[in-house]
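Shown next, in structure tokens, is the structure this report addresses.
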Amino acid sequence: MECVFGLVGNGFAIVAADSSAVHSILVHKSDEDKIMVLDSHKLVAASGEPGDRVQFTEYIQKNVSLYQFRNGIPLTTAAAANFTRGELATALRKNPYSVNILLAGYDKESGPSLYYIDYIATLHKVEKGAFGYGSYFSLSMMDRHYHSGMSVEEAIELVDKCIVEIRSRLVVAPPNFVIKIVDKDGAREVAWRQSIKDTGALPSFRCFISFDQSLMGTIGDNWGDDCSVIKDRGEISYIDYEDDKSVCSYNPIEEGPIIISVPFAFVNGKPQSVFVGESVADAITIKNTTDESVDLWAVNIYASNPENSFTLSLMEPPSANANIEVVQAFLESFSLEDRMIHPGETLTVWLSCKPKEIGLHTTVVHFDVGNERIERVSFLLADDKISQSLASRKPYSRDRKKRHEVADSYIPGSRPIRTQGRGFKNFLPHYDIPRRIRDELNRKETPSAVREGLKRDTYVPYFMTLLNMEEIQLEEDMRAYDMERVTMKRKGHHFLSLEVPGLAERRPSLVHGDFILAKMPSGHANDTVNAYQGYIHHVEADEVYLKFAPEFHVNHRDFNLYNVQFTYNRINMRRFYQAIDAADSLAKEFLFPYEFSDRRVIKTNPLVPITQNINEEQMRCVQMILGCRGAPPYLVHGPPGTGKTQTLVEAILQLYTTRKNARILVCAPSNSAADHILEKLLSEEGVEIRDNDVFRLNASSRQYEEIKPDHLRFCFFDEQIFKCPPHSALVRYRIIVSTYTSTSLLYAEDIKRGHFSHIFLDEAGQASEPETIIPISNLCLRKTVVVLAGDPMQLGPVIYSKEAEIYGLGKSYLERLFECEYYCTGDENYVIKLLRNYRCHPDILHLPSTLFYGGELIACKDEKSFLTDSADILEVLPSKEFPVLFFGIQGCDEREGNNPSWFNRIEVSKVVEVIKKLTAGGNLVDENIGVITPYRQQVIKIRKALDSLDMVDIKVGSVEQFQGQEKQVIIVSTVRSTIKHNEFDRTYCLGFLSNPRRFNVAITRAISLLVMIGNPHIIYQDVYWSKLLWQCVDKDSYQGCSLPERQDPTDEELPCNNEEGPCSGFEGSGKNHEGQSSGFEGADQNQVLPEMEFSRPVVNEDEWSDGWK
């Protein structure tokens, strides 16, 4: 006669359970404690079959303890309850446990809570609950006497009353009870009052059963089983069928003699699609395969999401063209009751849905058959015209091509016309990867140079080895695009064209001057012939124009089949190697400022501003730059929208006008960023820069059409191919603008160290240290003034090798300097932080300022420039005073063909809907809107949808493509609608979304309006996105699907509030196992431990690989 019950009071939760272990009519033990302590602030009280109860609760206890041991923090009560429910659900269709659970706990942030979990994995957060034979009687007493905010004394008195009632009602009353309480001080046992133990009073029979808050539900009518006290109608918010396959992958035949079919079965692993506004129905068959009649007590729609979106009927729903009599005769309901199914008979029930909005629709149907309850979960994906037009026509299949041996020898092809009519003065070595490094990595060993860490005497081998690891990964990535048995077509008299699917998406990335290797397939008459090298002379959409050796062209026929091997262009990697190699003779003050230089004091002089609207902080920064006399580098910390590039432009123009002997090199990581700086220099009205004083250095691989016509006069080219001018011309320019990697051409032309008096490196946080060091190691003397501008809180370098990234290649030179004592203390002789934001609306800026910049950023943009008063924007916003909107939508992650990139067409449709509303009134033009999304395929789908509506001027791109840019309106599509769990951490594994820097950049591009579109049940599991979600909820600026249970992240959970520094990407104390420093002393205290285990964002990186890099 088991009895388990509990309740929540003011600051505590209390549970009680009988102490009898029984089987049938036998009592095995009378002193068994059924309330187990999970940890210091959690209790789990269980009823059910003794073996299942003990085994399952011990299993839960061990896993909860393991989580705390591994992570150093305990699970929250809600997380423990969800984990318990998940384990019950997983076992339900394999080897189910006959266990019902009340889980009570106390959390520092949310206080006490009580969770009700029955044996079919139904989970509810309740104020009071009960299981077992005494459940009706304990609930009756609690319904009469319970009130929220009960004191401990009141609760204990109520528990005593419940025990008296139970013992007076049951024929065989439990002799003993255990009572435990959990509050802020932990879990402890409460003495059961002796005065009520021997009571014999038996009052008149009265049973109060409440049908409002804690409504009953007896599972079957077998009183030999436990009673379950639950709500009659449940609630479901979101079921992640990708993560929990048990909800949609069970076999009805395995469940027993009563076979119930699965309605709306999945197609190719995905829910069926239905058009919004149209009705769809599917038959559920209930077949009795026994020799006896069975009672079908009820068929109930337990819950639906959206609510009431599914209905039941014993009649087949009428078709769309049915006559009016048939339609009027059709009856539907949310439940059916009392049916008898005879032996061999099949009853058909129809489940219908008519979606009113796009997105995932889910329902849970319960069948009470005889003594059992059987459950079916169904999913439908509601489409509209836009989302349906973007549906995949090619099921995804991972392209697992046979890897062929790398061709060691080949017949050379015909190179494109040399971009340089003369040879460079300094030759760029090949820097082949040492065989030793390849062998160590093949054996999964960490090279010794990496294990030693970064120190002043290991700088060169450390970074050389990291670059080796990166290059090997790049080789492997490129080989993934190899093609088998493909044809080539003649193009004119000189070229053969090869179609490369995905080339337009840079999968693979091929440019003029690259080459491929082609060979006849195995078994062909000429398969013993060496591979032929074909150089790329032209790239057009998905085609490359190739030129091989003459004999290849002579023997070629358009029907010939070839195996094609793609090769990685090493030119930039060789430049990285050379720069690191040259750093061995660089002044050490650039590499390790704290160790090799005394603290400096910069003397400044008054200046007259050249550019307009420059503020005091920016002007102070310019004064410090002009007062600097050489190493160490000077840093300009520029959070989003604070005008760091404008500050650099002011400094460059001051040097240009006041110091005639100044020679200035200005660098940025990308061509677009370098062009932006050039444009700002030329557009400043306060200074007239002569054309002969400025040069824009371009790589020969850059397309001539990419550069603005107005800028061509500052470039050097021949037949539309960019070139580097000779040394004699280069030394005459006063300002040279280039990308980081193209500055190696200056070294190749023998520009000496010290030629440039000042080197400015913009967006330095986006480049790896080897890339940033190219202009420094080749062109700097100690007297050279080096200025780095960037923000370590924004996007870092793109690294392909996960191991190289973890061991240090993912940390930029800028970020590493910020860890040095001179810089991290904010000393203005080394660094200035710009705090005045001239981009975002104050309410948009508030959250990133709080999360990443200590709340220091000041919104300074003129309020008149915001479009928040626009009628179109006001039409979109539910809260007119808050220009951030979160629209929750439950879509579906999809891939197609052999493309690994993900898309969510439901979110695409919502993006288009929002844009239509914003542009309907004509106050907002397309150029004012930007759409950010983390996946390449989502960009393509959104672009396709917008192009079909002739909205070609709306920029759509990744977070990386938006860094440094701004739009009046930014819409973010997060794509993800499932979360892949790994065994180490089932909470924070959101792949591409769980990147604080990407989050920071995404939400700081908007000037007047920020719109987030995503699944809140996925988003909230990342602490940063959770902050944004609940901020919108608090401001009444959330619309869309139901929300998950709220769990506000604490400040301690935010990585940027940890002592280790902002978003460094490193873990550990900077000490190895012997306690020795693994980094250079006094500076990099976050150097990674070589032997440490690093948790990955997902179980298998290939599962969420995307191809942006």
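Placed from the backbone N, Cα and C atoms, the Cβ positions cover glycine too.
Because TrEMBL annotations are produced automatically, they should be read as predictions rather than curated entries.
Sequence annotations record features per position, and here TrEMBL assigns domain 'Helicase MOV-10-like beta-barrel' to 481-566.
For 614-709 (among others), the entry in TrEMBL reads domain 'DNA2/NAM7 helicase helicase'. Summarised by DSSP class, the composition of the domain 'DNA2/NAM7 helicase helicase' (614-709) is 47 helix, 12 strand, 37 coil.
Mapped onto DSSP classes, the domain 'DNA2/NAM7 helicase helicase' (728-802) shows 26 helix, 15 strand, 34 coil. Per TrEMBL, domain 'DNA2/NAM7 helicase helicase' is recorded for 728-802 (among others).
Here TrEMBL flags 810-1016 as domain 'DNA2/NAM7 helicase-like C-terminal'. Mean per-residue pLDDT, taken over the domain 'DNA2/NAM7 helicase-like C-terminal' (810-1016), amounts to 89.
For 1041-1109, the entry in TrEMBL reads region 'Disordered'.
Per TrEMBL, the feature compositional bias 'Polar residues' maps to 1075-1088.
Look at TrEMBL and you will find 1100-1109 tagged as compositional bias 'Acidic residues'.
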- Query: With DSSP, how much of the domain 'Helicase MOV-10-like beta-barrel' (481-566) is helix, how much strand and how much coil, in residues?
  - Reply: 9 helix, 37 strand, 40 coil
